[in-house]
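Enquirer: Okay, so TrEMBL annotates it like this:
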| type | residues | note |
| --- | --- | --- |
| TRANSMEM | 46-68 | transmembrane segment |
| DOMAIN | 61-313 | domain 'G-protein coupled receptors family 1 profile' |
| TRANSMEM | 80-98 | transmembrane segment |
| TRANSMEM | 118-140 | transmembrane segment |
| TRANSMEM | 152-177 | transmembrane segment |
| TRANSMEM | 216-236 | transmembrane segment |
| TRANSMEM | 257-280 | transmembrane segment |
| TRANSMEM | 292-312 | transmembrane segment |
Amino acid sequence: MAQVRALKEIMALLSANSTAAVNSSDTRMAGCLLIGIPGLEHLHTWLSIPFCTMYVAALAGNSILICVILSQPSLHEPMYIFLSMLASADVLLSTSTMPKALANFWLGSSHISFDGCLTQMFFIHFLFVADSAVLLAMAFDRYVAICSPLQYAIILTNTVIGKIVAATLIRSFIIMFPSIFLLKRLHYCRINIITHTFCEHMGIARLSCSDISINVWYGLAAALLSTGLDIILIAVSYIHILRAVFHLPSRDARSKALSTCSSHVCVILVFYIPALFSVFAYRFGERRIPRYVHILLANLYVVVPPMLNPIIYGMRTQQILEGAKQMFSNLAKKSR
């Protein structure tokens, strides 16, 4: 049934594109079709099960994490404020992609307006850059806490945290807003079929009949100068953290710190590797990398880290667990 609906939408788009070509030779008014994972269309229903499970787990875990941090005054500290920011960005990032992808998998609802596609593209990339900045802020927080514990309260004041939040949002907006104009300036005269589950900058740009070299290089520069720089600074922070950890006198303290750092690094790698792979695959690996591999990995970075972050950063933190118990205990008392 879903494939029949998708076929009908493709035929409708073809008809609309033909009309648009006659009228104005611009196919933007007909919208776009997101065909999902190319080559695996027959498995869409089965693939939707793990993606839906991960999405629901991400929503539940991050929502609980945010509520716990907001409801417990003892958790109103820089580390937990950054954690709540990460959880909020994760919820928005997965929600900007998964509902549409699941509707496509289940119902064959693949059509999206051109402006809707641009909007989805903007929020996906905006939230990804913001997520990256929050991870950097969390790495800086751990660096100060471990390497300069006596100056922690002096360095990370409420004013500094406010500036970090503002800088995160402003930087993400400044980096991603030009991409909308770079896409709108292009001329579109082809069938607007995107071989993806969601709209990406290069996925939209490749629909154009115009020269997209500016889009290619701007997207690459934006990725390297934002997330690429974040990765370098995060790596530097953790190198200093590990040096400080290895100088700890207690073996148990070293083991605990290494366990925490290793889990954090794993989440960071799961977040960055598929995303950067997607960035470079779109530009340089179109003919070498199977399309379904690219699309699957692109979907992983918008749902797997949001699912894992509440576990890694939340459930393994004693203060979060205690806060969750207290919050649920208070809710149980109020319901009686």
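Just so it is clear, glycine is given a Cβ too, placed from its N, Cα and C backbone atoms.
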Enquirer: Using a Cβ-Cβ cut-off of under 8 Å, list the residues of the same chain that are 6+ residues beyond the ends of the transmembrane segment (152-177) and lie near it.
Expert: 78, 81-82, 85, 122, 125-127, 129-130, 133-134, 137, 141, 144-145, 222, 225-226
Enquirer: Which residues of the chain, 6 or more past the ends of the transmembrane segment (216-236), have a CB below 8 A from one of its CBs?
Expert: 128-129, 132-133, 135-136, 139-140, 171, 175-176, 178-179, 182, 201-202, 205, 268, 272, 275-276, 279, 283
Enquirer: Mean pLDDT over the domain 'G-protein coupled receptors family 1 profile' (61-313): what is the value?
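Expert: Value for the domain 'G-protein coupled receptors family 1 profile' (61-313), mean pLDDT as a whole number: 85.
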Enquirer: Of the listed stretches 46-68, 118-140, 257-280, 292-312, which one has the most C-beta pairs under 8 A with the transmembrane segment (80-98)?
Expert: 118-140
Enquirer: In the same chain, which residue numbers or ranges, 6 or more beyond the ends of the transmembrane segment (257-280), come under 8 angstroms Cβ to Cβ?
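Expert: Contacts of the transmembrane segment (257-280) (Cβ under 8 Å, skipping residues fewer than 6 from its ends): 128, 131-132, 135, 138, 142, 146, 200, 219-220, 223, 227, 231, 234, 238, 241-242, 245, 248, 294, 297-298, 300-301, 304-305, 308-309, 312-313, 316.
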